[in-house]
Structure formats: C-alpha cells, structure tokens
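As written in TrEMBL, here are the features:
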- A:139-201: domain 'CBS' (DOMAIN)
- A:202-258: domain 'CBS' (DOMAIN)
- A:285-303: transmembrane segment (TRANSMEM)
- A:315-338: transmembrane segment (TRANSMEM)
- A:359-380: transmembrane segment (TRANSMEM)
- A:386-412: transmembrane segment (TRANSMEM)
- A:433-450: transmembrane segment (TRANSMEM)
Number of protein chains: 2
Amino acid sequence: MDQKLQMLLDTVKKLIRRGAFPHLTKVIVKSHPADIAHIFRYLDLKDQRTLFNLIENPETAAYVLSELDHGTGAQLLEQIDKQTITEVLQEMPYDDAVDIIRNMPEELAEEILGIMQDEDSDEIEQLLLYDEDTAGGIMSTEIFSLNQDLTVQEAIEAVQQAGDVEMVFYLYVTDDDNHLVGVLSLRQLLTVSPARLLKDIMVREVISVRTDVDQEEVAQLVARYNILGIPVVDDANRLVGLVTVDDVIDVMRQEATEDIYKMAGASEEELLYGYKAFKIARLRLPWLVTNLFGGVITGYLMWRFKATLAEVLALITFIPVITGMGGNVGGQSATIVVRGFATGRIDMSTLRQVFFRELRVGMIMGAVCGLTIGVVAFGWHHNPYLGLVVGMAMATAMTVAATMGVMATSFFKRIGIDPAIASSPFVQTANDITGLLIYFGTATLFLPHLR
Amino acid sequence: MDQKLQMLLDTVKKLIRRGAFPHLTKVIVKSHPADIAHIFRYLDLKDQRTLFNLIENPETAAYVLSELDHGTGAQLLEQIDKQTITEVLQEMPYDDAVDIIRNMPEELAEEILGIMQDEDSDEIEQLLLYDEDTAGGIMSTEIFSLNQDLTVQEAIEAVQQAGDVEMVFYLYVTDDDNHLVGVLSLRQLLTVSPARLLKDIMVREVISVRTDVDQEEVAQLVARYNILGIPVVDDANRLVGLVTVDDVIDVMRQEATEDIYKMAGASEEELLYGYKAFKIARLRLPWLVTNLFGGVITGYLMWRFKATLAEVLALITFIPVITGMGGNVGGQSATIVVRGFATGRIDMSTLRQVFFRELRVGMIMGAVCGLTIGVVAFGWHHNPYLGLVVGMAMATAMTVAATMGVMATSFFKRIGIDPAIASSPFVQTANDITGLLIYFGTATLFLPHLR
C-alpha cells in the first residue's frame, strides 16, 4: 500500500474510533472512490458498515462496491439493508451489478431483483443468462453506437448529447437492424468534412467477439491487437455490448491468480470465503487427499524393497533427495507447459519441440546434480559403489521427471482436464514412483558391492 | 490458436514451400500485422527470415517485430542485415525499439545505434538509462500535450493536425515549463464553448507516476483507477512520457508469468533462450542445487535415527507421505501469500489474520489427513500404535507446515528477498525436517509398542 493510501486509512480509522462522522463524510467526498474501495479491505466488518453508510452519493457507493473483492463485498452486503443495496446496484453499470448479484446468496439476490425497477431487473436477468466466464458475462450493455447513414456533423452532435456512457473512444457504427458494420475514432470525426456520411469514412474491418467466447480468449484478442475495447455481437452479428480494457485487466489478473492457485491445489474461490477456515479446507482437501494416496503408494513400494533397505541402511538416506529432486524438475517442466498453454505461447503444434528441449535440459541438470550427489554419497559413506548408484539414479530420475512434466500436462490438456489442477499431484506421485524404481533397480544391480 | 489464424498459418507455410513470393506479399498486405506477428512463432527460423524479408512496409515490419517474444525477435534479428533492422527500429515507437535493443547482444545494439540518425539514437539512449522495470522503462515518449493557455478551438485544431501519436483519448495539459497541470478528455472539448481556456475547464487532479516507480505499481494504479493511460513525470513534475493500458497488460502478463515460474524455480528469462538447453539449465540449476542440499540434510536426519528405523522397518513406509503432505500444505499457504503480495490483496497489516487463517485451515486439513493415514497405517501393519504415531505426526506436521508457508514468505519479503524464488526451497526443506523430527519424536515416544 502506498503512503497516500496508508495516510487515508489511518485518518479513516481514527475518525471512526472517535465517532467524528461529519468530518469522515467530508473525507469521503474529497477522496477518489477507488481509494475508499482500496482501504475498505483493511477495516473490520463493523467499521466497513459504518464507513459505507456514511457514503451519501449512491454513485460513489456503487463505485466502491464494484471495486471490492467479491468476498469483502458479499460480507458487507449482509450488513446493509436491502433498500440501500438495491439503490446502489441501480446506480452501477449493469455488468458490475450482475457481478455482485452472482456472488450473493440466492435468496438475497431474488429479493433484490424483486425490489428493483422492472427495467433494471429485466436487463440484469438478461445478463445473468450468460455464462460468467464469457464475453456476454463480462460485457457492459450501455454501449454508444451510431447509424451508418448519419453525417459526421450529426455524429458529433450525438456525441455531445450522449450522457455518461462507457468511455467513448471508439464509435461503433450499425445499420438499421443494429448489425455491427464499422468503427470510427472520435478523433477521426474531427478531421473530415462535416457533411460526409459515416458509412463512407468508417473502418469496415471490426474486431468483435460473440457473446459465448471465453473471457480468456477475449483478453488475448485485446492484448494481441492492442485495442481499448472489443464489441460483443450476438449470433446474427447484432451489437449487444462492449468489453472494455479495464474488464480485460480484471480477467487477466483473475486467470493468472487462478492458475497459480490451482497448481498449488488451492482455488480462486477461496477468496470468496475470507477467513472461513472450514470452507477453505474443504476446497483444498480433495487435491491433498489425492496426493495422500500417491504418498501411500510410494510407501508401499518402499515396503516391497524392505529387504534391500534393511541390508544396506545407507540407501534410505538418499530417498528424500532423489524423489524430491524428481518432483522439482517435473514441477518445472509442468509449470512451463501449463503457463505456456495459458498465454498461448505453447500449443499442440510446438509441443514436440518443448518436449525435446525439456528432455535435454533435464539431462544436463540431471548430470550436474547426479555428479554432485554421487560425490556426497561417496564421501559420506566411503563406498564408491554407493556414490555410483545414487548418482546414476538421480540423473536418470531427473531426466525422466522432466519429460513426465511435459507429457502429463499435455495429456490432461488433450483429454479436457485442466492441467493446472491435475498435473501436480500426478507428476509428483509418478516421479516418486519412477524415482524409487530407478533407485532400487540400480541398487539391486550393485547390491553385492554395497553390503 | 483460433481457426482464422490456423488458416493464415497454413496458407503462409504452403506459399513459402512453393516459393510463391508475389502471392505471399499480397497475403501479408491484406493481413493484420498482429496476426502476422502471431503466426511467426510457429515458423522455423528459415521461414521466419523469408517471411520477414517480404514485408515491404517498414511500419508493418516494425509492428511485427514489436509484438514478437523477445526470444523469437532476437533470433530473427541475427538473420537480418543491420541496415534493415535500423530502418525498422526507426519506424517503431521509441519504447518498443528500446525494448528490442535491450534484448540484443551488446555489440549489435551499439552498431545499430551508430547507424541510426542522431535524433533517434539520442532519444533511445536516453530511454535506455531508465531501469527496465520502471515507469520510465515502459513509457512511450511520443506524448500529445496542450498548453493550458490555449482555447478550446485551438486545442481542437491541434488535435486535428496531430500526426500519429500514441492514442489520443486523454489530453494532458501543461504550463509553460512543461509541468503537468491538468487533463481533459477529447469528448469534453466538444461539449464546451470554443472560446474557453483549457486551464478553466481541465481537471486539475491528475493521477501520474514518477519515472522511477516500479512497473508493477504502475499496473496496479491503472487497474485500481480504471484509466486508459497514466502520464509519467520527472522529479520536477515535468511531463516526460505516457504509459498506456496496452503496456500495462503486457506488464501484468509478464509479472504473473514471472511469479509462476519463480515459484517452480524456473525463470522468465528462459523465454529469451528459446530451445538453448544449456542456457536454460544454467538458469534453473542454482535453485535445484539449493534444494539438493536441503534433501541431503533431510537424509542426514534419517541417518541419525537409523537405529529406530532398523528396529521398526514399517516406519519408513510413511516417510514419503508425511514429508510430501507437509510440503504440499506449506506450498499452498506460501502460494497464497506470494500471490497476495503481488496483487496487493495481502500486506503486512493483514498478515496476522492470514497467519491465523492458515493455521486453522492447516489444523482442519491435518486432522482429516491424519485420521485417514492413521487408519491406513493401522489396517496395513495391524498395529494400532503405529496408526496413532503416523496419524498424530501427519496432523502436527501439516499444521506446522501451513504456518511455515506464511512465516517464510513474509520473512523473505520483509528482508527484501523475493519470496516467490526463496520460499519454495526453504519451505520444502524446513517442512521435511520438522516433519521428520515430529515423526521420529512421536515414534520414539511409543517405541516399546511399535516393536
């Protein structure tokens, strides 16, 4: 948190403690709504309610609410009376209101849609039909468009009269049936003769998406073409909404967090639950229990080789490092493939190259680590054969792990399972098992020299 | 890759194979430069050179080059003659050119700066002075600003005459000494009387950053205030550049990838090296070797308890699952803290709450997994005391691991070491060690019943 926000937070906390509400109201009016929203999450629920109720301008309240985490927002809403919530929601752009309503308990959502004016609730119920993770789910519907038969002069007048619609920087042009047919920039309007028709000066190649396109793909398009917004059309190419770049930023942040969380077996949903430990534990447990059974299988394997282990007890001291390093290398190549898929840097056609690269990288790293651990083992237990066994097993296990990371992730991707969730427990267990098999196999080969 | 791009790629490959260059040139002219840039990475180096040399418009070539990965771009540049490179770089916005020059081998960069026109090379050398990861390092310097003493009419004329400067959607207003004093939207200009002065209608509160602000902070500001660009000023508040939202999208994507890579002990730099296995291995090895020595320490610990293990061989079968689960849980809480720091969702003031949440979550998950593994151990080796020892050790180890994940990451953050890199080897080793100590400690306590 930067200094300015820290000062604002300290001031707000002090004023709440003192009950200096008129002063606090002034501070709210003078601050940027985004700043108020930002310090909200550092207050406890009681102070949040106090502060929120002091926001007099419903527009500011709406801004604050739409910028809050879903978790914080949901907790706060439980504390506020339904009439106020409804008023605030009606001040918000529909897409933000829908976002908040989606994360409410179902009964509360229904109650609030009941209180709303018909026009608003119709629009919101319409938007709720789209899948949350698609263009339709994140688009705003208050979109400014112009008919292609207008003159430049008429278009400028329309812009002047337009109220507070979502940022007007691209002007979308439609025909009489609301089909999207072109696009113009505001600056372009200023540089041509006022009598010309829009259809003669507009750019006809418009990058647009259909309502059912996945939000991640929408974000990739915006990033690829460096555009500030992308119009959303229905099946018949009729203009129905606009995804702006600030929505895209939210999507990218969310998708990145999701991937990071998933690979560790956590979930973005956790953020909804704030500090509710039981709900969070329930989200993480299935992944952990999968790993648990992987660990039991590894243990069973060790049990099968108990005779060898009992005979040469020094062997057990290198089990953690061999399985651990296999897990690390496998994790690295899995991570690179998972992230490569997500950013579009890797796809099925480049996978072969990635596989062979990871194989080579694994061999090199395996050679270095195998040599190191071999020397350590020799020095420690004064047996050159033990050094040889441990070093060879390590090098082989790391090489296999590197390819396993690529194969497992792409296999899961191909059969339609999210590799970010599935690859980690699988890669880990698979590497533990192959690592141990390689280790015990090599050890059995040299057993006479190890005794 | 979507269908349209797949078709373009197939067409381009076919035309290159046939040597149908005039046809290929036509395809290039008709395609969006971003699409050409996108399919580039699916071609081998030879085809890339062929295609690049067929791009006749240097502006398109510049666009293609600036959209390429740094790795692909650097490899391609080695294949092209220096005169052409220089021409293309001079067509690019300075910030993109600087980006490419930064990633060139040093000698090539110097040679090219030598060939350039003085004006361009001065500007680029100026920009090279800023740290790559700061506002100065990512800003564009071709910024459109207006003097505060202009009338609205004069401002509109200036906009009409402005060439192709970075997207004009905010108009920044300066005083006679180029200090940033206000901001206007283009739409605002259209809605007020032409005779008014800019200083009377501009918004005086401008969100800006200094050149040395970290790019991650810049991205957070743009996301927080939902703005399309943020002006960059020097120490004396003089306007020197502009960071636009497309730069911010690149930053966010890059930072997310960086965090994900770092946690696995890989590095974003790898992308620079394409398929060069030795260079990639060298980037990953330091992290792996750190883990290697962690593994050796764990092994040493097992050696110290070898008498206990030799006596009750069944104990070794649960070592992998106990250390593994500790590592998983510690990894989860470390991930949540690392990502929380990166997105600004967690900071030092909320850390206490996060710590206690993870402690509670760890206890719940430890109880569930401890009970499960306890039953498994009892059923397998038919000894209730073994079940008790394994279960208790698992529950304790998981609880400790959960808190360790939070403590280690925040400790590294506090002393200024990147927790994304450091926490993983540390958490893993620490959890292996505490897990084993807990396990062996409990086992020693119940040793008479385990024999």
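Every residue gets a Cβ built from N, Cα and C, even glycine.
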Chain residues outside the transmembrane segment (A:359-380) and at least six past its termini with a C-beta under 8 angstroms from it: 317-318, 321, 325, 329, 333, 386-403
Interface-richest range of A:285-303, A:386-412, A:433-450 toward the transmembrane segment (A:315-338), CB pairs under 8 Å: A:386-412
For the domain 'CBS' (A:139-201), mean pLDDT (0 to 100): 86
Same-chain residues near the transmembrane segment (A:285-303), Cβ under 8 Å, at least 6 residues beyond its ends: 265, 309, 319, 323, 421, 424-425, 428-429, 432-433, 436-437, 440
Within-chain partners of the transmembrane segment (A:386-412) [C-beta distance under 8 Å, separation at least 6 from its ends]: 312, 314-315, 318, 321-323, 325-327, 329-338, 341, 348, 351, 354-355, 358-359, 361-363, 365-367, 369-371, 373-379, 418-419, 422-423, 426-427, 430-431, 434-435, 438-439, 442-443, 445-446, 450
Three-state composition of the domain 'CBS' (A:139-201), taking helix and strand from DSSP: 19 helix, 18 strand, 26 coil
